[in-house]
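A.B. asks: Input: one structure, supplied below.
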Amino acid sequence: MSHDSDDKTFPYEKDDAELRRRLTPMQYEVTQHAATERAFTGEYTDTEDDGIYKCVVCSTPLFESGSKFHSGCGWPSYFKPLNGEVIDEKVDYSHGMVRVEVRCNHCGAHLGHVFEDGPRDQTGLRYCINSAALNFESRPENE
């Protein structure tokens, strides 16, 4: 599933050759072709450090560690994005399912999907995100 056929345009212009040089093959396939890394293999699945998760393509801050929770699904899960402006949602009909795809609203990178089975005491949502779509920036301990 490539984003090339999508009508939406994003502010950050991506150069494919530059992305192929800069990203790992998994990061490229996940963000540019909506691939999914295998469950429980991602770098940030169990990360509990305090900080911000950013888009691996354009460095837009997407999620903060305070919204991360252990869902048991095998991918990093968050109950909300950093704010309502950073995420683009699109209905995804791939693989014989109807899901809601989550993309970076700045560059269009595929991040994962959002489901309505998150913590009920929060938003009730579970943003199920590929580690390969993220970079983590820890906060200094004195902040």
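Glycine too: its Cβ is placed from the backbone N, Cα and C atoms.
According to Swiss-Prot:
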DOMAIN    16-139  domain 'MsrB'
BINDING   Cys55, Cys58, Cys104, Cys107  Zn(2+) binding site
ACT_SITE  Cys128  active site, nucleophile
A.B. asks: Can you name every residue in this chain, apart from Cys55, Cys58, Cys104, Cys107, with its Cβ inside 8 Å of the center of the Cβ atoms of the recorded Zn(2+) site?
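C.D. replies: Neighbours within 8 Å of the Cβ centroid, excluding Cys55, Cys58, Cys104, Cys107: Phe10, Tyr12, Thr31, Val56, Val57, Ser59, Thr60, Asn105, His106, Gly108, Ala109.
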A.B. asks: Which whole-number value in Å describes the distance between the Cα atoms of Cys107 (Zn(2+) binding site) and Cys128 (active site, nucleophile)?
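C.D. replies: Per the Cα atoms, Cys107 (Zn(2+) binding site) and Cys128 (active site, nucleophile) stand 19 Å apart.
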A.B. asks: Report the same-chain neighbours of the residue listed as 'active site, nucleophile': residues 6+ apart in sequence with Cβ closer than 8 Å to its Cβ, ordered by sequence.
C.D. replies: Ser71, Cys73, Trp75, Pro76, Ser77, Gly112, His113, Val114, Phe115
A.B. asks: Would you mind listing, in sequence order, the residues at least six apart from Cys58 (Zn(2+) binding site) in the same chain with a Cβ closer than 8 Å to its Cβ?
C.D. replies: Tyr12, Lys14, Cys104, His106, Cys107, Ala109
A.B. asks: Which is it, of Cys55, Cys104, Cys107: the one of these binding-site residues whose Cβ has the most other Cβ atoms within 10 Å?
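C.D. replies: That would be Cys104, with the most Cβ atoms nearby.
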A.B. asks: Which residue counts does DSSP give the domain 'MsrB' (16-139) for helix, strand and coil?
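C.D. replies: Grouping H, G, I as helix and E, B as strand yields 25 helix, 40 strand, 59 coil.
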